[in-house]
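Undergrad: The structure under discussion is supplied below as structure tokens; questions concerning it will follow.
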Amino acid sequence: MSDNEIENYVKAGRIACRVLKEVENLVKPGTKLLEIAEYVENRIYALGGKPAFPVNISINSVAAHYTPIPGDESVIPSGAVVKIDIGVHVDGYIADTATTIALDEGYRLLCEATRLALEKALEVVGPGVKLSEVGYIVEQIVKSYGFRPIYNLSGHNLDRYLIHAGEVIPNHRDRLVLGSFKSGRVYAIEPFATSGRGYVREEDAVTIYALKPNPKKLSKLSQEVREVFEYVYEDRKTLPFALRWYAKRFSIEKLRSAMNVLVDNGLALAYPVLVEIDKGVVAQYEHTVILTNKDEKIISTLCQ
């Protein structure tokens, strides 16, 4: 990992932290989710980064993958538990961070448990440490507060232009995860905790997609579908995106139709909204950790 790569990872992290801190002040009952999303993404650009993925604004039992759709009129409800998950990249080098804002004091302990789980997990991250050790710590802390981790959500490693680069960092002691943290890699540590059963399921709703290039397959599709693919790919490559980003260029009907065809033909991934299986309230906290080749540990998304 070169000094330039580290510099870009750190810059992305500082932008992500700053924007996440700013947006906490917008999370109030009655605020439109679209207003929050546009603020986050515009600020990322203004500070010299680009969104690594659409901001996730997940409320109560929704755990992940909800971002506003074009014309979205949804607002923050009173007493909600709101997760804000932000990704920033600088020249493809990614920072991923998240926080939870509880608008009801009754969820203070859920947030405290999840935040402490992240804090203690970060303390043990280092070269040679088993990935499953993080899961053990997260599970122990969350359960000590009377909650459950989300067993089928996990942290992950990051690479250039890749948000999920292949490794899984569990939120429980998963003995099937055999790997260890390595120097020269970047990791997103991401505890989720819930008052529910501890599992998420996929909803039918999809608001986030990513492209999977395959020129041979693409050539067999209609001109309309190819036009959407090529326009979005020029902007995003394989990074996730929201349909609302392209609603000025294409009608929402054309975008949805094209994405359905692309998903069906293996040229795009759909990220369904994830909801806790018992409708339990979910909290989430996340930081990005750089392990340099010199065995330094840099938490890039901590504000300095």
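Every residue, even glycine, has its Cβ placed from backbone N, Cα and C.
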Undergrad: What does TrEMBL list, out of Glu286, Glu296, as binding the same divalent metal cation 1 as Asp85, Asp96?
TA: Glu286
Undergrad: Around the divalent metal cation 2 site formed by Asp96, His156, Glu190, Glu286, list the extra residues of the same chain whose Cβ is within 8 Å of the site's Cβ centroid.
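TA: Result: Asp85, Thr97, Ala98, Gly155, Ala188, Ile189, His287, Thr288.
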Undergrad: Just checking: which of His65, His164, Glu190 have a Cα that is within 10 Å of the Cα of Asp96 (divalent metal cation 1 binding site), counting only these binding-site residues?
TA: Glu190
Undergrad: What whole-number Å value do you get for the CA-CA distance of His65 (substrate binding site) and His156 (divalent metal cation 2 binding site)?
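TA: Per the Cα atoms, His65 (substrate binding site) and His156 (divalent metal cation 2 binding site) stand 16 Å apart.
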Undergrad: Using a Cβ-Cβ cut-off under 8 angstroms and a sequence gap of six or more, which residues of the chain neighbour Asp85 (divalent metal cation 1 binding site)?
TA: Val55, Asn56, Ser58, Ala64, Asp96, Thr97, Ala98, Gln284, Glu286
